[in-house]
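Per TrEMBL, these features apply:
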- A:Tyr285: active site, O-(5'-phospho-DNA)-tyrosine intermediate (ACT_SITE)
- A:787-796: compositional bias 'Basic residues' (COMPBIAS)
- A:129-575: domain 'Topo IA-type catalytic' (DOMAIN)
- A:163-168: region 'Interaction with DNA' (REGION)
- A:762-796: region 'Disordered' (REGION)
- A:His33: site 'Interaction with DNA' (SITE)
- A:Arg139: site 'Interaction with DNA' (SITE)
- A:Arg140: site 'Interaction with DNA' (SITE)
- A:Asp143: site 'Interaction with DNA' (SITE)
- A:Trp155: site 'Interaction with DNA' (SITE)
- A:Arg287: site 'Interaction with DNA' (SITE)
- A:Arg475: site 'Interaction with DNA' (SITE)
Amino acid sequence: MPDNLVIVESPAKAKTIQKFLGNDYKVMSSYGHIRDLHKKDFSIDIDNGFEPIYEIPSDKKALVADLKKAAKQAKTVWLASDEDREGEAISWHLYEVLGLKPENTKRIVFHEITKPAIVEAIKHPRAIDINLVNAQQARRVLDRIVGFELSPVLWKKIKPALSAGRVQSVAVRLIAEREKEIRNFKSEPYYRVTSTMQPEGSQASVAAELNTRLKTHDQAVAFLEACRTARFTVGAVTVKPVKKSPAPPFTTSTLQQEAARKLGFSVSQTMRVAQSLYESGLITYMRTDSLNLSNLALGAIGNEIETTLGKQYLKIRKYHTTSKGAQEAHEAIRPTAIAHRDIEGTAQEKKLYNLIWKRTIASQMADAELERTTVDIAVSNRPEHFTATGEVINFDGFLKVYIESTDADATPADMHTLPPMTTGKGMMARDVTATQRFTQQPARYTEASLVRTLEELGIGRPSTYAPTISTIQARGYVEKGESKGTKRDYEVMMLAGDKIETKRKSELTGAEKGKLLPTDVGMVVNDFLMQYFPSILDYNFTAKVENEFDEIAEGKEVWNNEIGKFYKKFHPDIEKVSALRLEHKVGERVLGNDPKTGKPVSVKIGRFGPVVQLGSKDDDEKPQFASLQKDQSIETITLADALKLFEMPRNLGKFEDADVTVAIGRFGPYVKHNGKFVSIPKTMSPQSITLDEACQLIVDKRESEAKKVIATFAEEPELQVLNGRYGPYISYKKQNFKIPKGKDAAQLTLADVRAIVADESNATKSSARRAARAAATKKPAATKQPATRKKKAAKA
DNA sequence: CAGTGAGCGAGCTTCCGCTTGACTT
């Protein structure tokens, strides 16, 4: 047993450091925090200075026992967790739990996993910084107080199992407020005027645009009329050098953004792939807010650029973070060996690695030098003028390797040159076009753009961006989905030759895919929290408490006092709001009265989501309830639409002596007959479907069911060849397998099928399991009702 | 992807940050 025990946070890191330190050291990992507040209890002694009550979670007990044993055998224990608030606390918990002694415990830190950095760190040990630890305890206790006092208020006033917290509630607020902006947005039309011109005596064509937008149809027509007889002359020609600089190397949030834009990865997908690259030793740590690259890495990158591209492409740069609250315990995300351009791995791993490689290289490359030419073209009978621009790259610099993407809809940087034009030269307009455009509504958040905004606000940490997005979906506050656009007409007027031609065209506007949309529950919870707890939802709340944590870390404030001050203000609000007696349920909207019965109709959040209610609970008769459909919302539903929901279930009549009923279930409208269900296709509506149509659906379903089983085998009842929506497949113990191309499903023998199952399960085991896991974590977000979902999960 | 289909008076639910692992009834 070596004399020295080194404890780091991550096992992959431990492996690397073990190599650097050799046999005199044993390097182990704590796997993050080893101790925390109890999972289920409040675990804060309010009356006793907010003393936290810690426990070692059951899944960490074996690990802690191992660490304890190793610590006993070592002469010196080196606590090498990260140099930030959380890392310091991890070291402190280790010190306490392992029963270490000051004389044989050393605290060391490094910001990069390189041999020189580790060796240097060993030379400069220090003691645990208890002020920094206390700042972490304050952070932990504050989050627990906010989360565990606020959430029960929501259970009581809105719906069980909801949650609120310093980070997630602000994330929901951003999405909810953006949606309100969009709902209130009034699009204004305007006219954009473009022209294809050609210098006199030349065949070259020049794309030019008018320097102002025209407001109305009449103004656009008047302008085109003027152009009919106008002369066009080149005015000022300006040539300006333009420099472009590369983007800094990746942090967690910029990696998530670029992987979303360039590769279409979700935030959690990016982290999963990055984790596997990290574990294979291919990239540095993937949860970081640092832009720093180690000197060792800079040397290697410089060498790579110089030898493959040439010295003129090299420019070593030091980037400094500007993001709020960055703790910079690691390096930026980079390849561990820059000479490796390509790696072995899955397609996703290759793509993500390639992205990281390019970004890292580009960050140390020379600026691109461009020349931008702007030509003004005067219109003889109008004050406005056209402008044509051209761009030439004189030196491509970093553009040779990497161009950062933007969120704006793909507008490729159209690099083009202009033909020679000098002041005074005449221009011919081949055509002049006025196109009606509309001011654009604000864009909804994507996962990645939400992460960017949270980071800008200093809310959340690299390790929590992906989990936060999962949480707000799992709670049903937000859904990832498409918003159907609306069709909009616009006009295009074109002057060609002597004629002005007007065309009407139409486009789809506001259609978005993969965007984060607030649900009714999300909206109601946000409104509620904004009304009663605005200080917690304040975008600056985190920044403010971070300042206090900094004071604690510097030893200027005592953490218990700071939490005490907060609690004194916060807790009475909780008491007050819990005791409120509200006339209507939170978020309830009264739509009017049912014309038939005169009873009131209202919409609100029920136990299982948004419902419409007919009648009041004070009536003699019990009120009737019906769930809102997926595309309906509490805020926008009309009385007429709400009343329609009560028409379900409808009894259409009898078929083969059994009732045929129509209803709307979790997965849309369906026909029920004799205990069997058939989905109603989108082309029909549950309100208008006839008995004949319904019977047809039932018969069709029977037919496809009959065709479903292609082959079964007496020897293996669980093995079947079935006909699915996407063609024939093999089903075996709840798993499905593709049938290889070129084989006739009906002709397969038992041996064939067994071979396919054996082969497929061997070949795709890891990826299939990974996919299953992804689906399992994703599902809760997609379905609407938590209660039924849980039952299912338990069964499965 | 391979098939699902309710209830609105049981119970329990929840935070943020560190880190990876993964029973077979």
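Cβ coordinates are placed from backbone N, Cα and C, and glycine is handled just like the others.
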Looking at the recorded positions A:Tyr285, A:Arg287, A:Arg475, whose Cα is closest in space to that of A:Arg139 (site 'Interaction with DNA')?
A:Arg287
Please state whether DSSP places A:Arg475 (site 'Interaction with DNA') in a helix, a strand or coil.
coil
Calculate the distance in Å between the alpha carbons (Cα) of A:Arg140 (site 'Interaction with DNA') and A:His33 (site 'Interaction with DNA'), and round it to a whole number.
12
With A:Arg475 (site 'Interaction with DNA') as the reference Cα, tell me which of the recorded sites A:His33, A:Trp155, A:Arg287 is the closest one.
A:Trp155
Could you tell me which three-state DSSP class A:Trp155 (site 'Interaction with DNA') falls into?
helix
Among the recorded positions A:Trp155, A:Tyr285, which residue has the largest number of other Cβ atoms within 10 Å of its own Cβ?
A:Tyr285
Nearest-integer angstrom distance between the alpha carbons (Cα) of A:Trp155 (site 'Interaction with DNA') and A:Arg287 (site 'Interaction with DNA')
34
So which of the recorded sites is most packed in, judged by how many other Cβ atoms lie within 10 Å of its Cβ, out of A:His33, A:Arg139, A:Arg140, A:Arg287, A:Arg475?
A:Arg475
What is the separation, in Å, between the Cα atoms of A:Asp143 (site 'Interaction with DNA') and A:His33 (site 'Interaction with DNA')?
16
Using a 10 Å cut-off, grab the number of neighbouring Cβ atoms around the Cβ of A:Asp143 (site 'Interaction with DNA'), all chains included.
15
How far is it from A:His33 (site 'Interaction with DNA') to A:Tyr285 (active site, O-(5'-phospho-DNA)-tyrosine intermediate), counting Cα to Cα, in Å?
17
What does DSSP call A:Tyr285 (active site, O-(5'-phospho-DNA)-tyrosine intermediate) in the simple three-state scheme?
coil
Residues in the region 'Interaction with DNA' (A:163-168) grouped by DSSP into helix, strand and remaining coil
1 helix, 0 strand, 5 coil
